[in-house]
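A.B. asks: One structure, as structure tokens, below. Some questions next.
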Amino acid sequence: AWYVPCLASLETLQELCRKENLRCKSIGITNRNLKSYEVEYLCDYKVEEGTEYYLVKWKGWPESSNTWEPQKNLKCPLLLQNFLSDKNEYLSRVREGKALKVRNHVKALKPAVADYIVKKAKQRIALQRWKEELNRKKNHKAMILVENTVDLEGPPLDFYYINEYKPAPGINVINGITTGCECADCPAEKCCPKEAGFILAYNKQKKLKIQPGLPIYECNSFCRCGPDCPNRIVQKGTPYSLCIFRTNNGRGWGVKTLQKIKTNSFVMEYVGEVITSEEAERRGQLYDNQGNTYLFDLDYDSDEFTVDAARYGNVSHFVNHSCDPNLQVFNVFIDNLDLRLPRIALFSTRTIKAGEELTFDYQMKGSIDLTSDSADGLSPSRKRIRTVCKCGAVCCRGYLN
């Protein structure tokens, strides 16, 4: 049998059922709740004969079922608060940012105001659903929040959250490692880093102690040590709650931490599609015209593969560039020892305060072997169109590439 995924949201399907008076237990429409009404958001406002009315969008019902309800019948204080907040926000932004005196006794809202309020309500719902989706798909304990207080932009339409590399056909990101260390208490003399010819990357506080450019070898799934091993850091995922937020200076989405991060701490991993450098060249020409910078060359040992986080990625997809960053890139090897395919981990370069935006240098200076022909890493030097940098740092180079 052939199965085609349904692209309509659950709410859209519920609206169709109620419109056609149909029951569908699988999407939650039964005899018991077919005619139930719950306020989804408020669309408009008016005063008639001294009574205040709000136009209500009912959850699970089509917009054609919207009704005007007196305020005394509404038991949704948060939605009322959002409605008034959105109205005042719109009025304060009109006329090119010149604040207007907000009148509290209007008889009806202008269509433009009501339209903005509806768009803002729909955006709020969409961002909430996106936040829930991100937290369902992530594989770490820390929370992911979403915030947009800047514009009406909603979730990206062509982005899919993944937790690890997504290899293109023909690329194997697992090299079939079958052995691990026999340490009862890592690090021991024969632990994974020393077997690879390097020192342990972490100190007793599980903070990074090696210099940029050196690789990290963590214990793998065949090692004798358990999950509390001090040499298992990157593989446990992001330990901090983060917020994807809309920037107010034209840089699109960004990421900020909701917790204090100490110096030399692991923050997140950079993941995406693993493609060949030839395919990266082709995609890069398309991204150049869009001003996108999601290509990350895996050039620790060679220049055969690239990570493309444009469509598939995790929170790192939204981390912005800075010429004065607070994150540093390191190459990590765990269950795959193929030097052509390191995992990319971002560590803090200094103490980062709660609420501060996370950034890294898209050119990764100091992170890799600068003698490499492709030491630009993200946004490789072969890019033909220069992208203006908006990081605002005192030492800003002016361009991302």
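Glycine is treated like the rest: Cβ placed from N, Cα and C.
Relevant sequence annotations retrieved from TrEMBL are reproduced here:
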DOMAIN    37-95  domain 'Chromo'
DOMAIN    179-237  domain 'Pre-SET'
BINDING   CYS181, CYS192, CYS219, CYS223  Zn(2+) 2 binding site
BINDING   CYS181, CYS183, CYS186, CYS191  Zn(2+) 1 binding site
BINDING   CYS186, CYS219, CYS225, CYS229  Zn(2+) 3 binding site
DOMAIN    240-363  domain 'SET'
BINDING   ARG251, GLY252, TRP253, ASN320, HIS321, TYR362, LYS390  S-adenosyl-L-methionine binding site
BINDING   CYS323, CYS389, CYS391, CYS396  Zn(2+) 4 binding site
DOMAIN    385-401  domain 'Post-SET'
A.B. asks: Using a 10 Å cut-off, grab the number of neighbouring Cβ atoms around the Cβ of CYS323 (Zn(2+) 4 binding site), all chains included.
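C.D. replies: Around CYS323 (Zn(2+) 4 binding site), other Cβ atoms within 10 Å: 20.
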A.B. asks: Among 37-95, 179-237, 240-363, which stretch has the highest count of C-beta pairs below 8 Å with the domain 'Post-SET' (385-401)?
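C.D. replies: Out of the listed stretches, 240-363 contacts the domain 'Post-SET' (385-401) most.
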A.B. asks: Using CYS391 (Zn(2+) 4 binding site) as the reference point, find which of the binding-site residues CYS219, CYS229, ARG251 has the shortest Cα-to-Cα distance to it.
C.D. replies: ARG251
A.B. asks: Starting from the Zn(2+) 2 site formed by CYS181, CYS192, CYS219, CYS223, give every other residue of that chain whose CB sits within 8 Å of the mean position of their CB atoms, in sequence order.
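C.D. replies: Leaving out the recorded residues gives GLY180, CYS183, CYS186, CYS191, GLU218, ASN220, PHE222, ARG224, CYS225, CYS229, ASN231.
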A.B. asks: Identify, among the binding-site residues CYS181, CYS183, CYS396, the residue whose Cβ has the fewest other Cβ atoms within 10 Å in this structure.
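C.D. replies: So among CYS181, CYS183, CYS396, the binding-site residues given, the one with the fewest Cβ atoms within 10 Å is CYS396.
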A.B. asks: Which residues of the same chain, at least 6 positions away in sequence, have a Cβ lying under 8 Å from the Cβ of CYS219 (Zn(2+) 2 binding site)?
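C.D. replies: CYS219 (Zn(2+) 2 binding site) has long-range Cβ partners GLY180, CYS181, CYS183, CYS186, CYS191, CYS192, CYS225, CYS229, ASN231, ARG232, ILE334.
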A.B. asks: Compute the centroid of the Cβ atoms of ARG251, GLY252, TRP253, ASN320, HIS321, TYR362, LYS390, then list the same-chain residues not in that set whose Cβ lies within 8 Å of it, in sequence order, for the S-adenosyl-L-methionine site.
C.D. replies: THR247, GLY254, VAL319, THR359, CYS391
A.B. asks: Cβ distance under 8 Å to CYS389 (Zn(2+) 4 binding site), same chain, sequence separation 6 or more: which residues?
C.D. replies: HIS321, CYS323, CYS396, ARG397, GLY398, TYR399, LEU400
A.B. asks: For ARG251 (S-adenosyl-L-methionine binding site), which residues of its chain lie six or more apart in sequence with Cβ-Cβ distance below 8 Å?
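C.D. replies: Result: ASN320, LYS390.
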